[in-house]
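S.K.: Per Swiss-Prot, the features are:
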type	residues	note
MOD_RES	Pro3	N-acetylproline
MOD_RES	Lys14	N6,N6,N6-trimethyllysine
BINDING	Asn123, Thr173, Lys177, Arg295, His327, Ser379	substrate binding site
ACT_SITE	Lys175	active site, proton acceptor
MOD_RES	Lys201	N6-carboxylysine
BINDING	Lys201, Asp203, Glu204	Mg(2+) binding site
ACT_SITE	His294	active site, proton acceptor
SITE	Lys334	site 'Transition state stabilizer'
Amino acid sequence: MSPQTETKASVGFKAGVKEYKLTYYTPEYQTKDTDILAAFRVTPQPGVPPEEAGAAVAAESSTGTWTTVWTDGLTSLDRYKGRCYRIERVVGEKDQYIAYVAYPLDLFEEGSVTNMFTSIVGNVFGFKALRALRLEDLRIPTAYVKTFQGPPHGIQVERDKLNKYGRPLLGCTIKPKLGLSAKNYGRAVYECLRGGLDFTKDDENVNSQPFMRWRDRFLFCAEALFKAQTETGEIKGHYLNATAGTCEEMMKRAVFARELGVPIVMHDYLTGGFTANTTLAHYCRDNGLLLHIHRAMHAVIDRQKNHGIHFRVLAKALRMSGGDHIHSGTVVGKLEGERDITLGFVDLLRDDFIEQDRSRGIYFTQDWVSLPGVLPVASGGIHVWHMPALTEIFGDDSVLQFGGGTLGHPWGNAPGAVANRVALEACVKARNEGRDLAREGNEIIREASKWSPELAAACEVWKEIVFNFAAVDVLDK
């Protein structure tokens, strides 16, 4: 008889409550290549043993409930249950543990990030036996990876579409983010693209408000980028935010963008949801559109060290759901992002194979097989003085995005774009000549500013702007 249909009436049913660890803590378990593996940071309530806490996480995120039920006898729990197979104490933290849980692949619908998260994090985070819980990392088996389309195009295809090689791409978020009319918004887009940027961007909360309806914005931005393309001879793009209140409205906006002939659209993947994001990613691949992803709302989920979901997990989920770019923090700007942690999930976004490396917060080796890579986007409080560090940290396969660092230039948007393009080209040239960007960065920018008055003006404006705050989420010592 099949284990799925085998009944265990002969064993008998004993009602009542038993400890989770009797069923779900299995330190002898040998993980399988097809298991989804999870690393949880667990903070139990006082008096709850770590083994019971880890087993409770495995149970409540798979087949378990708070009491024994007679229908357990109608299936094979051994086949379907999650298992806490290892627990380790977090050094330097009181009553914190890393609980490793293995989930059999049969628990998850193919090609559905929505279902994966609903199972693994959907209910267990409110469990009373835990003071706090954080999902630190996931190992996605190749058998499951292959059920996802992933990014619509990936890094190499994007470079071929844009005909841009050998340097990071350069972008700008249009400011003020809210309040401009569609025509004035399009004018700002044109000036930035004409000045030398590759992309401009809708801010995450620009959808279709009374001061600027989406269709008007799309039309004026398309006019701006085509005019800038004609003048510069370079392919340009503007991230047209298709995020909407319904999937149907989102798709209507994406279809209109394709009809306009623009190269890229945008989605807020956490507020919009994984189902909507995957739907849009499939449309973008089928219709030749690049897809820029904003991570609005991520810090609500990932910023606290002891509770929530680490961004490296959200980044992996985005690569599965689909996106060609995603915001990843800057390390040097105004937003949260410790260097080693950021570089860890940047590699998880871009590379095909990533080895376990706890020094960068990577708990599991991850093989993405044929899933395309995602370009990390550095954005938030950055300006020309940051250019050497950004070029050194993120390398060529990245998007460096300056909003206020372009539009805040004292001479206007186009000179602001010129300043950033000159700074970028100077840093890339210096790097290619073997110069040390980390040590000589300021000197490289000063040298370039001697023959670029736009860059010299930008250097003067932002020479004293720093964001000296320690990161909240740091690696365990």
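Glycine too: its Cβ is placed from the backbone N, Cα and C atoms.
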S.K.: Restricting to the record's substrate-binding residues (Asn123, Thr173, Lys177, Arg295, His327, Ser379), give me the longest CA-CA distance in Å as a whole number.
M.R.: 36
S.K.: Among Lys175, Lys201, Asp203, Glu204, these being the recorded positions, pick the one whose CA is nearest to that of Arg295 (substrate binding site).
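M.R.: Nearest listed residue in space: Glu204.
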S.K.: What is the interatomic distance between the Cα atoms of His327 (substrate binding site) and His294 (active site, proton acceptor), given in whole Å?
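M.R.: A Cα-Cα distance of 6 Å.
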S.K.: What number of additional C-beta atoms lies within 10 angstroms of the C-beta atom of Glu204 (Mg(2+) binding site)?
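M.R.: 20, counting other Cβ atoms within 10 Å of Glu204 (Mg(2+) binding site).
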S.K.: Determine the most Cβ-crowded residue among the binding-site residues Asn123, Thr173, using a 10 Å radius around each Cβ and all protein chains in the structure.
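M.R.: Answer by Cβ density within 10 Å: Thr173.
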S.K.: If one measures from the C-alpha of Lys201 (N6-carboxylysine) to the C-alpha of Thr173 (substrate binding site), what distance in angstrom results, rounded to a whole number?
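M.R.: That comes out at 5 Å between the alpha carbons.
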S.K.: Which chain neighbours of the Mg(2+) site, leaving out Lys201, Asp203, Glu204, have a Cβ atom within 8 Å of the mean position of the site's Cβ atoms?
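M.R.: Going along the sequence, the neighbours appear as Thr173, Ile174, Lys177, Asp202, Asn205, Val206, Tyr239, Asn241, Met266, His294.
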S.K.: Per 10 Å Cβ neighbour count, which of the recorded positions Lys177, His294, His327 ranks highest?
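M.R.: Highest number of other Cβ atoms within 10 Å: His294.
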S.K.: Go through the recorded positions Asn123, Asp203, Glu204, His294, Ser379 and tell me which ones have a CA within 10 A of the CA of Lys175 (active site, proton acceptor).
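M.R.: Checking Cα-Cα distances against Lys175 (active site, proton acceptor), the recorded positions within 10 Å turn out to be Asp203.
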S.K.: Using a 10 Å cut-off on Cβ-Cβ distances across all protein chains shown, tell me which of the recorded positions (Lys175, Lys201, Arg295) has the largest neighbour count.
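M.R.: Of the recorded positions Lys175, Lys201, Arg295, the most buried by Cβ count within 10 Å is Lys201.
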S.K.: Given the recorded positions Asp203, Glu204, His294, find the one whose Cα is closest in space to the Cα of Asn123 (substrate binding site).
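M.R.: Out of the listed candidates, the nearest Cα belongs to His294.
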S.K.: How big is the Cα-to-Cα gap, in Å, between Ser379 (substrate binding site) and Glu204 (Mg(2+) binding site)?
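M.R.: Rounded to a whole number, the Cα-Cα distance is 12 Å.
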S.K.: If you measure Thr173 (substrate binding site) to Asp203 (Mg(2+) binding site) at Cα, how many Å is it?
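M.R.: Per the Cα atoms, Thr173 (substrate binding site) and Asp203 (Mg(2+) binding site) stand 6 Å apart.
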